[in-house]
Amino acid sequence: MALSLPSLLILLTTLLLMTEATTFIHSRAAYYPNSYEHGTDVGACGFGSFGATINGGDVSAASDLYRNGVGCGDCYQVRCTNSHYCSDKGVTVVITDQGSGPNTDFILSRRAFGRMAQTKDAAASLLALGVVDIEYRRVSCSYPNKNITIKIDENSNYPYYLAFVLWYQQGDKDITAVQLCETQNFVCKLLDRSYGAVWTTTSPPSGPLSLRMLLSGEDGDESWIVPVNNIPENWKAGETYDTGVQIDI
């Protein structure tokens, strides 16, 4: 028997609500036990001061979601579940550090923790609690008008040792491998993940360098992305280089 239009709409709405409910995972969250409004500039992802202020300072340390550094730069929607204090939207945070508390998956910046609340007064009440029940799900990162950017680590030593992190990666896929290729003879070298989001190599290829990044999704889909711009031949420690590309979301 065919369903009437009103019945069909009710069924579709119910299915959408059920789908949304299953995408969230229940856990607990705390916040950094210091006076910092933003995150830490010594996070385990290796982002430095960028890791404290990216996304307006709505950042977090993660325990299992850190995934030995693969989870660095991932974005999550986190919302607390106390209806007296918490908003339905919650806050979107970027993983920039590793850490854990009492049965928690997230240690949020103080700013992000308060932004889960409905009002400023409710935020003060949440902060007073210290640890709250939450639900979370992974979401796409979005950085309008920003390309993926290479930040050369200050410990790099041209031309013998090269280390860098990647900033502003959009989407919901992980960078699971990085290659450096010489632009003239196309010889490529697979880099090591030193820790967090830091990619390193000794004896890097010479000349201008082309970067290749392997993107891996939770569904098993993988694809290589090749930036438009190269790392210049005489790269310098501490410099940033715009790759000229971004991931469509």
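Quick reminder: no glycine exception, Cβ is built from N, Cα and C everywhere.
Here TrEMBL flags 42-146 as domain 'Expansin-like EG45'. Helix first, then strand, then coil: DSSP counts for the domain 'Expansin-like EG45' (42-146) stand at 29 helix, 32 strand, 44 coil.
Per TrEMBL, domain 'Expansin-like CBD' is recorded for 160-243. For the domain 'Expansin-like CBD' (160-243), the mean pLDDT of the prediction comes to 95.
Per TrEMBL, the feature signal peptide maps to 1-21.
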